[in-house]
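Have a look at the structure below, then the notes.
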Amino acid sequence: MGTISGLPGLFTGELPYLGSLCVFPSGAGGWAPVESNKYQWLEVDLGERTEITAVATQGRYGSSDWVSSFLLMFSDTGRNWKQYRQEDSIGAFTGNSNADSVVQFKLQQPVFARFLRLLPLDWNPNGRIGLRLEAYGCPYKSDVASFDGSGCLLYKFSPNPTPIRTAKDSISLKFKTLQNSGTLIHTEGLHDRSLTLELHKGTLLLHLRKADCQRADSKPQFSSSHTVVSLGSLLDDLHWHHVAIERVSGHVNFTVDKSTQQIQVPAELSPFEINEISFGGVQCHGTQMVLSRRNFHGCLENLLWNEVNVNDLAKQRQKVSITGNVTFTCAEPVSVPVTFAGTQSYLQLPGAALQQRDAGGGGVFRTWNRAGLLLTFDLQQQVGSLWLYLSETRVRLQIHKAGRILLDVVTGFGLNDGQWHSVDLTARRGRLTITVDKEESSTAHASPSFPVVSGNNLFFGGCPDSKNNQECRNPFNVFQGCMRHIRVDNNAVDLIKVQQMLIGNYSDLQIDMCGIIDRCSPSHCEHRGRCTQSWSTFHCNCSNTGYSGATCHSSVYEQSCEVYKHKGNTTGLYYIDVDGSGLIKPQLIYCNMTDKTWMVIQHNNTELTKLKASSGINQHLAYFNYSADAEQLGAIITQAEHCEQEVFYHCRKSRLLNTPDGSPFTWWVGRTDEPQTYWGGAVPGSQQCGCGLQGNCIDSDHYCNCDADRKEWAADSGLLIHKENLPVRWVVVGDIQRPESEAAYRVSPLRCHGDKNFWNAAFFNKETSYLHFPTFHGELSADISFLFKTTASSGVFLENLGIKDFIRVELSSPMEVVFSFDVGNGPFEVRVETGGMALNDDRWHRVRAERNVKEASLCVDSFPGTTQKAPADGHIHLQLNSQLFVGGTASRMKGFLGCIRSLQLNGRTLDLEERAKITPGVSPGCPGHCSSYGHLCQNQARCVERYNGFSCDCGLSAYAGPFCQREVSAYFKPGTSVQYTFKEPYELTRNTSTQSQSSSIYSDLTLRGENVSFSFRTTQSPALLLYICSYYREYLAVLLNRNGKKQRDFKKKIQIKKYFLAFLNISMIRSSILLFCFQIDQQRREDFNLSSDTEFNAIKSVVLGKVQESGELDPEIARLNSLGFSGCLSVVQFNSITPLKAALLYPNTSPVIVTGPLAESTCGSSSPANTYPAETTHPLSDHSGTVGTGEPIVNAIKSDSALIGGVIAVVIFVILSALAVMVRFLYRRKVTFHSQEPKSIKPEADSPEYPFHSEPTSQNVLSENQKEYFI
C-alpha cells in the first residue's frame, strides 16, 4: 500500500508528450510494494479536487516489474471510493507488458476528484508489482451549498412578481445526496405552471405541470396536464452527479450525467414564464406552503441559472433568500461500504463472547439478486447453525441442526430493487426478532426454546472455499451486492481495520466502496421491452412487444404484405412492421393477395355521408382517422410502388371545385398539411376532376360535373394516386349553404401495392466491384438482413471498418456463412453451416445477422441459427468510421459475385439499384425468381418471371388466385347448364395453314387420351354430372346412379347423404386407346381395358349440369338429364380446358354458353366469397388470442361461415358413406371392359383454344383451413 501527495507540475491543461513519467520515491525508479498480492494499491492525493482527463502507466525503471491490468478508483475525501468504468461496464484497464513502454488512457468522461487509487489485478508473473504513474487534467473550481433537509434557497427575479419570458432558459448543477429522496429544484410561473426536479429513490423525476399549492398536511392536487420524465439511477451513492435542464422553445432537454432525454412541452404549459425558483425545497410564491413532504439533504455544487451563479448570490444575499439551515461547505459521510462482487466473496468476523446470553446484529444491504446469503454462524452450545439469507426477494432466517429445521422466519418483500435496506436481528430472553427497514409491518418474531448466541465466527455474504471448512456451510446462493453499517452484538464493525487485516478475514471484497451498477438505466432493452437484472447481467422481457432477441431488437413481423405473400400466405389481417427493427411500431393491416398484393388501410368514415343545407352552417369539415398513425402511414406509402385512394362526390346544386380561376368550394388535406384543390382522376394543382382531364364533363365550360351546378344529381369520382399527398386526412365541403343544395361524399380506404424495398437488388459481375454507402451506425445494436444468390463458392457480402473495430458478413464456402466483428474485445465470429446443402445453387437465400450488447446471432434460411454470448464486462460500442462496402471490400479482394437483394441495416433499406446505376461492374436488378419461388404456384400453374418478382399463370389450371390455389366453384340449379363448345372439324382443317400455333386439341382431330377431373357436392341421386360429346355422336358421361356394383352399400348410406354434404373428387384418365383409369377421392384407382380400337374423334362440347341439346341423347342419359343437376361443381378440368372457370371468370372471351342461374360460390367452404367489405373497419381491440407471424387473424373479419363450418365438421364423421358411380362409355360400337393391372403411361398434354394467362382482380379469399372431404 502507498500514499503519495500531489506533486508540482503533475497536471497540465493539455496532454503533453509522455517522454518519461514521474518516478515516485517509494521505490527505486517507481512504486513497488513489499509484497505482491491483490491487496495492494497506490493512492495519490492531488491536494484539491481536480478535473482528471487521462492517466498513463509504465513499469518500474530498470526492472522486470510491471502491472499488466489494474482498477482505477477516485474519491473526494480518501474514503467511499468509486470505480472508473469504461463504457459503463469495463472495470479493468489493460496495463503494461514490459517495464519501459508507456500505456496511456484518455478517459471517455473526465473525473472530478482529489484522490486517485490504482489497484493492481495482474502483474509480471516472473517479477513483482512495479509502477510509474502520471495523471493529466485541469484545476477545478467548486462552489457548494449544503442543505440539511430543512432549508432552501429562494431566487426571486424582482420584488413584484413579473414573469420573465425568454426563448431559452437553462439550469445546471452537480449534487451529492445523503438521502435517496428530496426536492432539488422547483420553479413557479404564471397560471400555476411549475417545473419540479425531484429525487425519488435514487432516480431524478422532472415534473411539468399545472397545480394549485396545498398545505403540508394535504395531498397536492394536480390538473390533467402533468408530464413526468425519469432519468438516472442509484444517484444516492454519495458521489457527485451532473444535472442540466434546458428549455428551448417548445421542448426541454433533460440531462443526468451522460444521459439526455428530450421532452416536448404540452401546449397547455406554453409559454413557460418563471417568477421564482427555489433550490433544496419547494416554496409557493413566498409563502410557507409546500408541495413536497421532503426537502433535499445533501450538497449542490456550481448551481447556475442562465449562467448566473446562484450560490454566489446566496452568499452575498442578493436576490436569493435563505430559509432554514444552508451552509457553504459540504459535509462528507462517514459510513464505509463493502462490495461482495464475486462468487468467492465473504467477510469473516469474530463472534460473541462465551458468557454472552443475548445476541444482536445487522446491517444495511443493496442488491439486484433475488437470493443470497447475508449472514451465517454456528450457535453456541452446539445448538445448531443459523442462516439469514435472501429468498425470492424476502429475508428468511432458518436455524438447522442435524438436517432438521428448528426455526423458520420470513419477512420483507421486494428487497432486490437496488435500494438500501436495513436488517436488524435481535435475540433476547427467548425472543427472536427480525426487522426490515425499521418498519413494523416488516417485523417477524419467534420464540426459540434455546439461546441464539453466535459462536466463534460470523460469515457475511458467503463461506471460505475450503474442503476442510466445517464452521461455515452455505447451502444457498452467495450474496452479490453491497453492505454497510455492519453490527455484531450491537457493536459497529470498523471495516477499515478489516481492510488493514487487523480484525477478521475476507476474500474478494472491495472495501470502502459500493460497486453496484444499474444495467437497466439506461436500458438496453428496445421497443418497450422490460428490463430486469441481477448483479452480473440483465434480461429483457419482450412479451407483447412484437419484437424478439436478447434486447428486443428484431421484429417478429414482416415489413410488407408482399413479404407475407412470398412466404405462401393468403389474404388476411397481418401485423406489418414497415421498418423492421426501427422505431415505428407494428400495425395490423389487411393484406389482399390478388395478382397484386394490396395493403388496405382503413379509416373511421368509409361510408357515404349525406349533406343538406342547414342554417348557419357554411362548411362541413370531416376528419379521417386511420388504423395506422402518421409515421406508419408515411413509411407504408414511401415503401409502396403505387398507392391510391378513391373519392366520390355526389351533388345537386352543390359545386365542387368551381372554375380554375375561382376559389374552390371544396378541398382536401393530405399528409403534407397543405390544401389540395384537385379531385380524383386529376393531377395536383389543376383544380379539376377526372372528367375535366378527359374532356367529358357534362358541361364543357367546367372541369367537374358538379361545377355545372344543376338541379339533377351528378357525381365526380376517381382515384387519387399521387403518393406525396396521400392519404386524405380531412375534407372541407363548402357549397352547402344554399337551401336547395345537397351533397354526399365518400372517401375509400387507402390502398397500396408493391414493395420497393423487397425487390431492390444489384448484380455484381466482377470480383473487384463493390457499392459503397455511408458508415453504418450500429454502436449498441446492429442487425443486417439480405437475400443473395450466387454460383460462386465464396465472397464478402459487406464490410465496414473502424480504427480497430470492424463488422463483416461473408460466404466463406459453399456451405458456410460467417458473421465476424470486433468491438474492442478481439475478433469475434459466428458461423452457420448448412450441413452439406450448397448455397451457391443460384437460388435466393436469406441471411440475418445481429449483434447487441448481450450476444451475436446468425441465421441462414431455415437452418439452425447460431448464437454466441458477448464477454462479460467487455467493450460494447461498435465504432466504425469507413464507408460501408457492399459486395466487396476496401482491399478489392474476396469480392462477391452474384446478386444481393433487400439489404437492410437496422431496418433501413439501402437503395442498391440506384447506386448500381453509376457503379462499374455492378448492374441494377436481378432476374430469375422462379427458381426460388416457383413452388408457390400450385395446381399445374406456371411461374412467370418479372423484373421485380414473379407471377403465377393459372391459364392451364382449374384454380384461380395469386398462387392458383383458390378453387373455382359454382352452385347449380336443375335448370343450369354450362356448355363449352369446340370448333367444327372442317373449320379447323380450313384454318390449319393460317393458324400454325393452334392448339393440339383442335389440330389433332382424334384424341389419344382424356384427362377429366372435378369435385362435386350434392344430395341428388341419380344425377348427370358431366357430359362430353363429339361431332360423330360419340359421348362420355359421368353419372351418379342408384344402380351399380355397390348398390347395397350405397342404399344403406344414402339417407345420411341427404342431410350432410361432402365434396367428392373424381379423376378419369384414358391414357391410351385401350386403357381407361377411374378414381374417386383417395379410393383405389380402377383400370379397365377397352375391347377394341376406341377413339374419341372431333369433340364438340363439354357440358356441366343440364344438356340443352337433348335430341340425340341415350334414353337413360336423357332420363337423368331431365332432372337436371342440383348441387355444387368445383375445379372442373377436361385435359387443359377449364369450362367452369371460363364461364365464371371469362364469360365474354371464352366459347361458353350459360343457361339458367349460375353464380360463383364457395359451396359451403369455411370462407365466404368476399370476406372484407371495404366499408367495415375492425379495431385492434376486437382481436383476441395469440397472433403468430405469417398467420392471418381469421377471427378479425365478420363472416357467416360458422354454420357452414359446423356442417363440414359433422361431415368428417359421416364421410365414410359410399356412392356408386357408374361411368359409361357409350360409343357407336359395343365396348367390353376387362380388369387389368395399372400401367405407367404419360398422358399427352393438350392445350386449350383460349388459354387464360391473366387473372382478374378478385376479392375472394380461400381460407387456409378449408378442406374437401374425399371418399
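Glycine is no exception: its Cβ is also placed from the backbone N, Cα and C atoms.
C899 (disulfide bond) carries a strand DSSP state (E or B). Annotation source TrEMBL lists disulfide bond at C899-C926.
Annotation source TrEMBL lists domain 'F5/8 type C' at 1-138.
The domain 'Laminin G' feature in TrEMBL is assigned to 144-330 (among others).
Residues or ranges marked as domain 'Laminin G' by TrEMBL: 336-514 (among others).
With DSSP classes pooled into helix, strand and coil, the tally for the domain 'EGF-like' (516-553) is 0 helix, 12 strand, 26 coil. Sequence annotations record features per position, and here TrEMBL assigns domain 'EGF-like' to 516-553 (among others).
Annotation comment: TrEMBL describes 552-603 as domain 'Fibrinogen C-terminal'.
Per TrEMBL, the feature domain 'Laminin G' maps to 760-926 (among others).
Residues or ranges marked as domain 'EGF-like' by TrEMBL: 927-965 (among others). When the domain 'EGF-like' (927-965) is classified with DSSP, helix, strand and coil residues number 7 helix, 12 strand, 20 coil.
Sequence annotations record features per position, and here TrEMBL assigns domain 'Laminin G' to 989-1163 (among others).
Residues or ranges marked as region 'Disordered' by TrEMBL: 1237-1262.
TrEMBL lists 1202-1227 with the feature transmembrane segment.
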Query = By a Cβ-Cβ criterion of under 8 Å, what residues six or more beyond either terminus of the domain 'EGF-like' (516-553) are in contact with it?
reply = 85, 88-89, 203, 232-234, 259, 339, 341, 366-370, 418, 480-482, 575, 577, 581, 585-586, 780-781, 783, 850, 852-855, 857, 872
Remark   = Around the Cβ of C926 (disulfide bond), other Cβ atoms found within 10 Å total 25
Request  = Inside 10 Å of the Cβ of C899 (disulfide bond), count up the other Cβ atoms and send me the figure.
outcome  = 23
Remark   = On the domain 'EGF-like' (927-965), the mean of the pLDDT values is 87
